[in-house]
Amino acid sequence: MTASFQHISVLLNESIEGLAIKPDGIYIDGTFGRGGHSRTILAQLGPEGRLYSIDRDPQAIAEAQKIDDPRFTIVHGPFSGIAEYAQRYDLVGKVDGVLFDLGVSSPQLDDAERGFSFMKDGPLDMRMDPTSGMPVSAWLAQADLDDITWVIREFGEDKHARRIAKAIVEYRENELNEPLTRTSQLAKLISDAAPKSFKEKKHPATRAFQAFRIYINSELEEIDTALRGASDILAPQGRLSVISFHSLEDRMVKRFMRKESQGPQVPHGIPLTQDQIRALGSAKMKTVGKALKPSDQEVELNPRSRSSVLRVAEKL
């Protein structure tokens, strides 16, 4: 039985304002989720406007198919394929705005069967698209100590990465133990491995669960490819509006927008003529305003918005 979950879109008004919607414009919502941003964009489009939304989660696709609107098209796939989809629909250089709402939607987190959360027992899966790729349980069953440590440290920024990885490997190698296939098993294992001096407000498993989710879904590679694809398909003055949810994502977005706004960097002392420097290219984008965080009121209404950051850039 499928449960019904409420999903509150984060920084909804701010991210849509960042797109500077034109009624007859062409827009792409790279992360449909449960459609909060997409429906808001559609409400601001006129009869000639178009919205293309992307998601690789079958549940999100099912939700999108409820939208009966000739201006709307849903694409099933990873948002890293945005440039490919733009070519398919002849949109390259014509897109007036792209929105990315990174991270996991509330229904994904709240549905125990998806295996994203340590708060509810469920299969240890964590795949954004359950029809492809390897679940976390299968990866943990074969990964070595160094690989598990690296993933937790790199993508979870957890200072106890080695300690947690050792606990997982030791558990796995004990033939008396059940296979590690449930979120509750992994959460308890990590909690037990945490030092008694653990002081953080967050659950001890928070960072490790984040790390495994990012790794199993290749999230950072997806984001990097998606950002570059979005820059390539935007029309002049087209906007890129990106909401991130943790420091790894936000650093990627910040560095990307800074790099695109600076153009090629030529080291001092390299003897190049002005023509040669111009041939290297120029800045592709400019940042719009400052990074925005949710208001105290939004955080109170939706605690999951607390860590979110919105950044906006415009194609030159």
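Glycine is treated like the rest: Cβ placed from N, Cα and C.
Here Swiss-Prot flags Gly35, Gly36, His37, Asp55, Phe79, Asp101, Gln108 as S-adenosyl-L-methionine binding site, drawing on sequence analysis. As annotated by Swiss-Prot, region 'Disordered' applies to 291-316.
The secondary structure of Gln108 (S-adenosyl-L-methionine binding site), as reduced to three states from DSSP, is helical. Fewest Cβ neighbours within 10 Å among the binding-site residues Gly35, Gly36: that distinction goes to Gly36. Helix, strand and coil counts under DSSP for the region 'Disordered' (291-316) come to 9 helix, 8 strand, 9 coil. Farthest C-alpha pair in the S-adenosyl-L-methionine-binding residues Gly35, Gly36, His37, Asp55, Phe79, Asp101, Gln108: 17 Å apart.
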